[in-house]
Amino acid sequence: YLVLIHLFLGKSCRFIAKPCAINLGIQDSGPHRAQPNAILEKVFTSITKSPDGKRLEGLSKQLDWDVRKIQRWFRHRRNQDKPTTLTKFCESMWRFTFYLSIFFYGIRFLWTAPWFWDTRQCWYNYPFQPLTSRLYYYYILELAFYWSLMFSQFTDIKRKDFLIMFVHHLATIGLITFSYMNNMVRVGTLVLCLHDASDFLLEAAKLANYAKYQRLCDAFFMLFGVVFIVTRLGIYPFWILNTTLFESWELIGPYPSWWLFNGLLVTLQVLHVIWSYLIIRTASKALVRGKVSKDDRSDVESSSEEEDVTSNSTKGIFSTSSNGSNRLNGHVAGGQWTGE
């Protein structure tokens, strides 16, 4: 039920986001459309979307077209199915709204929680720890949101890190569900709040990018990168993993589900390392070029070798992912930024 509410709110938020986007000058126009051609369309839909050199030569002779013109046609044809900048702006605004709201709710709730200041409190009197209503709603809202991300991943904007984000969502849902069932909600709230700390900054950077506020976009991305690396490579292993791996072992001893619980947490840490590498690589290139560049997860292809860049291409930042990569829900790499 809560998942359906989240999906409904996500769609409803776009009714608010769309007027905002239009006021910022974001047009509901997609990439340059390919010239109608029955032969190429049949190849594209029935055989391959990325023909090899031999097939390109054959099509060139059949149509009496230059090979580069055929390559350009296939690129435009692939891109015309991609979502518009307006669609991506609306999606990012919905996620930004949720991440920001749930982060401040979590901080406000945890500020008065004893285990926020002393992680050993997560294991005192375990498993006989009360489940307050505020803690319950915080947990359920987070769980519903990640379930909605899991479902919407198949209908929302497709990105190159689809598999990584799918594993991330599975691990997150598994952790939330498992910790709730085993009454490990205290340490679970710390994990949730820590992960929410950087996500809204990523979405803010994407919003600025879509609105073509380049300096604001770069500033948000750099801030996101710093917060992400500090929280995921610093605080997470030395604060969260320390208490789940060592303090829990010391205070309550080994238990059957200990290995599964910590296995999922370590899986998240591996994903953190991968995403941090992508962020650092992007930041390094940005320092050299003076701007943040294209996302590795970009869902619109680059046309660096062609003179006709698609109409929704802009200079600037990436997506993640979060979904990235979002998703983070978004990570970046070299090249010109092309929408997300």
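A Cβ is built for glycine as well, from the same backbone N, Cα and C atoms used for every other residue.
Annotated in TrEMBL:
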DNA_BIND  42-85  DNA-binding region
COMPBIAS  314-328  compositional bias 'Polar residues'
DOMAIN    40-84  domain 'Homeobox'
DOMAIN    87-288  domain 'TLC'
Where DSSP helix means H, G or I and strand means E or B, what are the helix, strand and coil counts for the DNA-binding region (42-85)? 30 helix, 0 strand, 14 coil
Taking all residues of the domain 'Homeobox' (40-84) together, what is their mean pLDDT? 81
